[in-house]
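Participant: Just lifted these from Swiss-Prot, have a look:
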type: BINDING; residues: 14, 15, 16, 17, 18, 19, 131, 132, 133, 134; note: GTP binding site
type: DOMAIN; residues: 2-184; note: domain 'tr-type G'
C-alpha cells in the first residue's frame with residue numbers, strides 16, 4: 001500500500017491538465033504509441049469538439065521510480081470550468097493529493113484559486129506545477145511568486161515542465177512519488193468503498209468507479225449498498241489503464257471500476273458506500289455535499305411521442321452527472337416536458353447537446369431562470385424556479401433574488417472595463433486587492449445577471465484575460481417583476497421571464513422586437529405584447545400578407561373598390577378571431593439572446 005499514490009490534476013481552463021495527463025500516460029506506458037492520441041482522456045465527442053473536459057476520468061499507471069521501486073499512480077483528470085466544479089470536488093474526495101497546474105504564461109487565475117482551496121479544505125497535499133514553459137511568453141519566476149502571493153503555497157521549488165514537448169515530465173512523476181502521501185486504510189478491516197462516479201452501460205448495467213478506503217474487494221464477492229441495503233454479486237472489476245482492464249481484486253487504497261449487474265439506475269448512487277454483505281462495515285463513509293442547481297430551464301421534446309424516451313434518457317444522464325436535477329412540468333404552449341436544474345449555462349448547453357446526440361432526441365429549451373425566494377402576504381415562503389409558478393402579484397409581500405459572490409482576477413489594464421460591466425449588472429464591490437499586475441476583485445452580483453451572459457461579456461471586455469469564479473451567497477429583497485409575452489392577446493407561458501423592474505421595459509421591448517422578426521407573417525395581423533400584470537409595456541405587430549383585391553378593376557368606380565376592400569377586411573377579421581399562431585423554436589431561444597448584441 002505504501003507504493004500507491006492517488007491524486008487529481010486541478011487547474012484553470014486551458015492550463016494544460018488533459019495534455020499533462022497524456023504525457024503521464026505515455027511516460028508510464030499506459031497505452032502503446034499506436035493508441036495514443038491527443039487528450040486521450042476526453043473520450044466524449046463533445047469534449048473533443050469543444051476542447052474542454054466535462055467528465056472527470058481516472059487512470060491507473062505503474063511508474064518505476066529512480067529509487068528502484070514501482071509505484072501505482074491512480075490519477076483523475078478533472079474539468080476546469082466553474083460549471084463542473086462539482087466533478088472536481090468529487091474527484092478530490094478520492095485522493096490524498098492534487099497537482100495544481102498553472103500556465104507559466106497566464107499565471108494564477110480564478111479557477112486555479114477556487115479548486116486549490118477546495119483541495120486544501122479536504123486536507124490534500126497540493127503540489128504546484130508550472131506548465132507551458134516552452135511558450136515564448138512564459139515567465140516561471142513571476143508566476144511562482146504569484147502562486148505564493150495569491151494562493152499562499154510554497155512554489156519556489158515548483159516543478160517546471162512543458163506537457164506539450166514532454167520536458168520535465170520525469171520530474172513531475174518524481175515529485176508525485178516524493179510529495180504525495182500514501183493512502184491510509186486497513187486492508188483487514190471490513191470493506192468500505194466510496195462510489196466516486198457511475199455511468200450506465202447498455203450491456204453491463206450500472207458501472208461504478210470506486211475508491212477502496214478499507215478492506216479488499218474481490219471478484220465474486222457479495223456486496224451491499226449501504227444506503228439502500230440491497231445486495232449484489234460482483235461480476236467484474238478492474239482498473240482503467242485508460243482502457244477498461246479486468247482484474248480479480250481491488251486492494252485497499254486503489255481506485256477501480258465495479259460491475260454488479262445493477263439494472264436500476266438508482267441502485268448505486270454517487271457518494272454512497274459499498275461493503276460486504278456478511279462482514280459489513282458499521283459506518284458509512286462521508287459522501288459529498290449535494291450541490292444546489294443555480295439555473296433552471298424547461299426542456300420539452302419537440303414531438304410528444306418522445307416523452308418516454310426523454311424521461312429514460314434523463315434518468316441515465318443523471319446517473320452520470322450527479323448535479324443534474326429534474327422534475328416533470330407541463331406547459332400549455334409546449335406540452336409535457338421536464339423542469340431541469342443546472343450548475344450554469346455551459347452545463348445546460350452540454351446536457352442539452354448530450355441528450356440530443358447520445359439519445360437522439362429533438363428538444364426545445366425555455367429561457368433559463370434562477371431560483372427566487374418569495375414571501376407571501378400570509379407569511380409563507382416559497383421558492384420559485386420558473387416564471388409560470390410565480391404567485392399572483394397581490395399575494396406577494398416581497399421577492400428576494402439570489403446574490404452571487406464573484407471573485408475575479410483581472411490584469412490592471414482591463415480593470416476599468418470590468419468594473420463598468422459589473423456596475424451595469426447591478427453589482428456591488430466588496431473587496432479589491434492588488435497582487436503585482438493582477439487585481440483580485442470581489443463583487444456581489446445578482447445570480448440572474450451572472451448566469452445569463454456575464455461570463456461571455458467578462459471575457460470579451462478583457463480580451464479573455466479576466467477570469468471568474470462564483471458561488472451563491474444569499475437571498476436579497478429586490479424589485480422583481482414578471483414580464484409576460486402575449487401573442488394575439490393570449491399569454492404564452494413558455495416565454496415569460498422574471499426581471500428587475502428597472503430593466504423590464506427595455507427587456508420587454510427588445511424581446512417583442514425579436515419575436516416580430518422570428519414569427520412568420522400570416523394572413524392576418526399578429527399583435528405581440530409584453531405585459532407586467534395587466535399593464536402593457538411594449539407592443540409590435542407582425543403585418544399581414546394581403547392580396548391586392550383591386551387588381552382586376554382598372555379605372556373603375558370608387559364605390560366598387562370600397563366594397564372589395566370592405567369585404568377583404570371582414571374576411572381578415574374573421575380569420576383573426578379563428579386563426580392561431582405557430583411559434584417557431586427559434587422564438588423560444590430568442591429570449592436567451594436578449595441584451596447580447598449591444
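Glycine is no exception: its Cβ is also placed from the backbone N, Cα and C atoms.
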Participant: Relative to the Cβ of residue 131 (GTP binding site), which residues of the same chain, six or more apart in sequence, are found under 8 Å away?
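Facilitator: The list for residue 131 (GTP binding site) reads 11, 15, 16, 20, 101, 102, 103, 104, 161, 162, 163, given in order along the sequence.
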Participant: Under a criterion of Cβ-Cβ distance under 8 Å and sequence separation of at least 6, what residues of the same chain contact residue 133 (GTP binding site)?
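Facilitator: Counting only residues 6 or more apart in sequence, the Cβ neighbours of residue 133 (GTP binding site) under 8 Å are 104, 140, 160, 161, 162, 167, 168.
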Participant: Helix, strand or coil by DSSP: which one applies to residue 131 (GTP binding site)?
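Facilitator: The three-state answer is strand.
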Participant: If you measure every Cα to Cα distance among 14, 15, 16, 17, 18, 19, 131, 132, 133, 134, the residues said to bind GTP, what is the biggest one in Å?
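Facilitator: The GTP-binding residues span at most 17 Å between Cα atoms.
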Participant: Let's check the environment of residue 18 (GTP binding site): how many other CB atoms sit within 10 Å of its CB?
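Facilitator: Counting Cβ neighbours of residue 18 (GTP binding site) within 10 Å gives 24.
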Participant: Taking the Cβ of residue 14 (GTP binding site) as the centre, how many other Cβ atoms fall within a 10 Å radius?
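Facilitator: For residue 14 (GTP binding site), the 10 Å Cβ neighbour count is 16.
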Participant: Could you pull the average pLDDT for the domain 'tr-type G' (2-184)?
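Facilitator: Mean pLDDT, the domain 'tr-type G' (2-184): 78.
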